[in-house]
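Take a look at the structure below.
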Amino acid sequence: MAGSGTAHLRPDDEVLLRVEDLVVEFPAGRGRTVRAVSGVSFDLARGETLGIVGESGCGKSSAARALVQLPPPRSGSVRLDGLELTALRGEALRRTRRRLQMIFQDPISSLNPRRRVRDIVGEGPRVWQLPGDRVDEVLEAVGLDPATAAERRPHEFSGGQCQRISIARALILDPEVVICDEPVSALDVSVQAQILGLLEDLKDRYRLTLVFIAHDLAVVKNVSDRILVMYLGKVCELAPSADLISRPAHPYTRALIASIPGGGGLDLPPADTLISGEPPSPVDPPSGCRFRTRCPRAAPRCATEEPHIRQVGDDHWLACHFPVKE
Amino acid sequence: MIVLHRLARLLVVLVVVTFLSFVLLNLLPGDPVTQILGLSATEESRARLRQELGLDQPLLVRYLDWLGGLAGGDFGTSYITRMPVGAELAERLPVTLELLVAAQIVALGLAVPVGVAAARRAGRALDQALTALSFALLSTPVFVLGVLLILLFAVTWRVVPATGWTSLSVDLGWNLTSVVLPAVTLGCGQFAVYARLLRTDLIATLQEDYITLARARGLSPRRILWRHALRPSAITLITAVGLNLGALIGGTVIIETLFGLPGVGRLIVDSIFSRDYLTVQGGVVLISVGYVVVNFAVDLVYAAVDPRIRRA
Amino acid sequence: MRRRLGFGVWLAAGWIGLVLLAALLADFLPFARYDETLAGPPQSGPSAAHPFGTDGLGRDVLSRVVYGARVSLGVGLGAVLLGLGVGAPLGILAGYRRRATDAVIMAVNDVAQAFPALVFALAVVAFAGANLRNVLIVLGVLGVPSWVRLIRGATLSFAEREFVLAARVLGTRDRRILWREILPNVAVPAASYAFIGMAVVVVAEGSLAFLGLSVQAPTPTWGGLINEGRTLMETAPHVVLAPSVVMFLTVLSFNLVGDRLRALTDVREIGLEPVRAPAALPLPTPTHPVRDTLLQVEELRTHFVTPRGVVKAVDGVSFTLDRGRTLAIVGESGSGKSMLIRSVLGLLPGTSIRGGHVYLSGDDLTAYGPAEMRPVLGRRLGTVFQDPMTALNPVRTIGTQVMEPLRVHLRMSRRQARAEAVELLASVGIPDPVRMLRRYPHQLSGGMRQRVTIAMALSCRPDVLFADEPTTALDVTIQAQVLRLLHRLRAERDMAVVLVSHDLSVVAQWADEVIVMYAGKVVERGPAAEVFARPRMPYTESLLQAAPRLTDPVHHRLRVIPGRPPDLAHLPAGCAFHARCPYARERCELEPPPLSEDHHHPYACWYPRPGTTAEQDVRTTGADSRGR
Ligand code: SF4
Ligand code: SF4
């Protein structure tokens, strides 16, 4: 796992968003560097939902923020409909923001406690000086009653409702791509189902292209057309959702599925035979394949040579020297 | 590494601060010559004295001269008294330091037990009493409190002398009686600040999961408070003590005036009035060195108290 | 966040207003001018004509105090505005821009703080003239560094929040972010500090006046009045007392208002022990036959008396548990599942009332006082919490913490405890336990910390282990390891486990029995496999269908439970779930359904599901697949 490469990218004219060799690093003090994302590539076709899954420290959130250039990645390319975002600065970059929106994990802290819902949702149109007042329409679309909700402040709402407000804030700009960074992980099961359903509805209604990031494989599978599995800043496996869950070929993907109680209906060996120990620090990642310190299949080659992404099935890609074939 | 870094910082702060104060003092109207010779002196004798004292040199030259002397441990010689400034400071500093240390002992000695007790039963009588008391103490200017204490203890009951100072080297007992009232006056206000800070932080700590878990492990409230909660709650308190010590090295002038103590603060005030620039400069050096040293000490204490701050 | 300011603050604000008004209108008030020598004898005490008496030169003290307020408040206001005007923009800039801007501003600030304030104040005032303007400027400038620090800190804490990031994602310009997102949030701490700053400046001005360095006579100032009055202390104490008291009250008022404003954004204030004994009537504690089980909970209730009403967090929960069994408690947030555990352990905040009984091997724990509970808590009931990041004391070594219960409860010697701790840490799968003893929590990963807390909970070999969401904060691969560990330890030590979780798949795999809670009540109970395969209560059913599963097809529509859980302070009559229940009928709104008599699999519902509709899937294998 833990591989680089761009073999899995589709031709430019088929995709809306294309991310190539993304590298995100930040200082960790004492001259050390956190290698959060190290050469990750993926793309999205218009109207597609790409799920990105991985455990904490795998770099999925850093990648999301690098997509919106907050902060810009250390290196690599992010192209939106052919426009290279990483080359833009200042006002030119700001002008692209409308097309790329984001929804955050913490519904409470992503809303300014001192502003009314109407101002929070209406902020985008005001910044962009869009004609017409669509606040009511969008609030309704996310399932809030404009008459009662618009004049209140965030602390009067539950977590699920706050997340709806966040979604409304992003949607009102008619973005092309919406990046959802763990949008449901702070919510209860019943509320989570509401928000997931809402996202699916809105996606159809507003013809959205989604990047859906989460640590819960079942949640990701529920909404995604394709799933990208990340580990310690690298890509492990990429495949259509059903295919990935029913035929995981990467040792890490298999461990992830086996660790979920119930095991996804697959007859996998017990999780403790598929993965051991704890993830290493992204400050000092292992050489070669970054998963090798926990991989039961690791061989000497895994320590010296980084696996490259290659195709193993119909639109099924992975980065491993010794994938599981069934 | 850290120490070197600190030392460099100390030097930078010292140079910048002393330079600024040098300029400031020279910008002020009036000069030592007039102070010494009086207004009626002839222009000629004034010029002679100015030359003698080196005051005819440009400002920067005088500053660098002085700085050079300082590097060799020489604080210069007072224009007015013609005495070495270093000796004067050395005589005054112990008074101020003793006062400070005694005041901190009073303040902390009261604040820690009271703060802990108040946090333990937040919202109840003792806590409310503490809150009221600390607000009252916080709102009483030190000169008002001092006057009040003098009136009570020195004038009415005659337990301690109202003013005056006996050095530690002369007589321990007298020294203590002369420091107790000033120290209490100074310590009271700080006690209020410290107790409130500690109480607030302790209350926050007591909400932490690890405290609930300590209770779930059947530990006694006393043990939880003193062994588990106190240390993680002490950071703000330490910061406050540090800031206070730093600020007070030259800031005890009110107390020194009120109680007639020959401390550094009084020396600086008197020197400013008599245009005794070099003595003031010496005081400034003491104050800024004190500030930086205290800051450094506070960092060390942080590290001792909270391992998360410690560098590997 | 919104709380009442309290009566005292209004009183303080009123006093500030009064002093301010008097100072402004001093020229029109019906008393002599401050420098007018009156006809009467000097130093006369308070009278109707001169409420504060007259001073040594026969001047009206009240008038002098009021005119003195002009200086004190004028300097205070001016200095605070100056400090705010200069310090706030710099602080916001430093906090929002970071990097170079921040470094430069803070370096200058540092030097400014190291510069002796006293020398600066004395020098300027002594030589530039002791007038109102100079005093004001000096005190204002001296306040700037603190303002910069404060505003920078506040800005930093908000600039990190996601709503600022969200604004940038929207394409909002920096200037607008500062004005609209950050400034309103910084305003509260700034306002609070403005009041405290007023108090500080008024005192500082007084000190300068006391040294004779503030506005000069004949203009009266508070500090000057006190200094003058000092000499008359024995003959005419009112001359020194009047300005002292007025000054004290004013400073006190500023401090009070400032403090309360700050408290608006502060944490809740609860101590280690109850605020007061609960005022409400004790809850009913009906008697029950005490059975021969390890843990028996009967009709346990936990209510909180709040300004909004009585919050029924736990409302009549009963269950029994035997050795070697795992009981899971599931529910969403606010269902009362965590409060139930705390209630059983008797670790409730002071504002709560508890009713019902908890029997441990037949002994009624609810009859125990805190001192009697301690040995039980440490030795017979073990506890693990959700977040391993906050569960360990950050300033104590792992060794001290693991050894503590051994030394306190089992009275082991240091050496014995050390050996035992090493063994414990090894038994929870920690590599190199000897070295671990000397490490601090922040040096460990989340999974390792949770193993340590488990080791601590098990140190005195408890009969029951309470695990409140023990793996929720952990990654899924680590979660599997920790759950497997708990399961192994349960068997090895023959204890019972109470596992609280919101994750149904975890519960299905690891629990023998399950309790489903909703709005503080048990709504369904039974063997885990059966409850998950054939839920009877509609809420349980909905919950199962609302959770996404790996085996569902892609884009599968999850069951949506509309609405949100009821307010525990205002529970609806009838079934608490009725507003969200698709099967609700009239009866559900009127009568609360009791837990059915069925001992094997009781549920609380008037119109239960047939118990055959739920998908037969992996969940049903739960209880017996736990060998994994
Ligand atoms: S087999 Fe080798 S390359 Fe593949 S995941 Fe394991 S360690 Fe990596
Ligand atoms: S009692 Fe009525 S409202 Fe309550 S769960 Fe049963 S059917 Fe639904």
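Numbers run from 1 along the shown chain.
Cβ from N, Cα, C; glycine included.
Just so you know, TrEMBL annotations never went through curation; they're auto-generated.
Annotated in TrEMBL:
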TRANSMEM  C:7-26  transmembrane segment
DOMAIN    C:69-258  domain 'ABC transmembrane type-1'
TRANSMEM  C:71-96  transmembrane segment
TRANSMEM  C:103-128  transmembrane segment
TRANSMEM  C:134-151  transmembrane segment
TRANSMEM  C:182-204  transmembrane segment
TRANSMEM  C:239-258  transmembrane segment
DOMAIN    C:295-544  domain 'ABC transporter'
For the transmembrane segment (C:134-151): best-contacting stretch of C:7-26, C:71-96, C:103-128, C:239-258, by Cβ pairs under 8 Å: C:71-96
Cβ-Cβ under 8 Å with the transmembrane segment (C:103-128): same-chain residues at least 6 beyond its ends: 90, 93-94, 134-135, 137-139, 141-142, 144-145, 148-149, 152, 208, 213-214
Model confidence over the domain 'ABC transporter' (C:295-544), averaged pLDDT: 90
Remote residues contacting the transmembrane segment (C:71-96) - C-beta distance under 8 A, at least 6 residues beyond either end: 19-20, 23, 102, 105-106, 109, 132, 135-137, 139-141, 143-156, 159, 174, 177-178, 182-183, 186, 190, 194, 197-198, 201-202, 205-206, 209, 214-215, 219-222, 247, 250
Long-range Cβ neighbours of the transmembrane segment (C:7-26) (under 8 Å; 6 or more residues past either end): 63, 66-67, 69-70, 73-74, 246, 249-250, 252-254, 256-257, 260
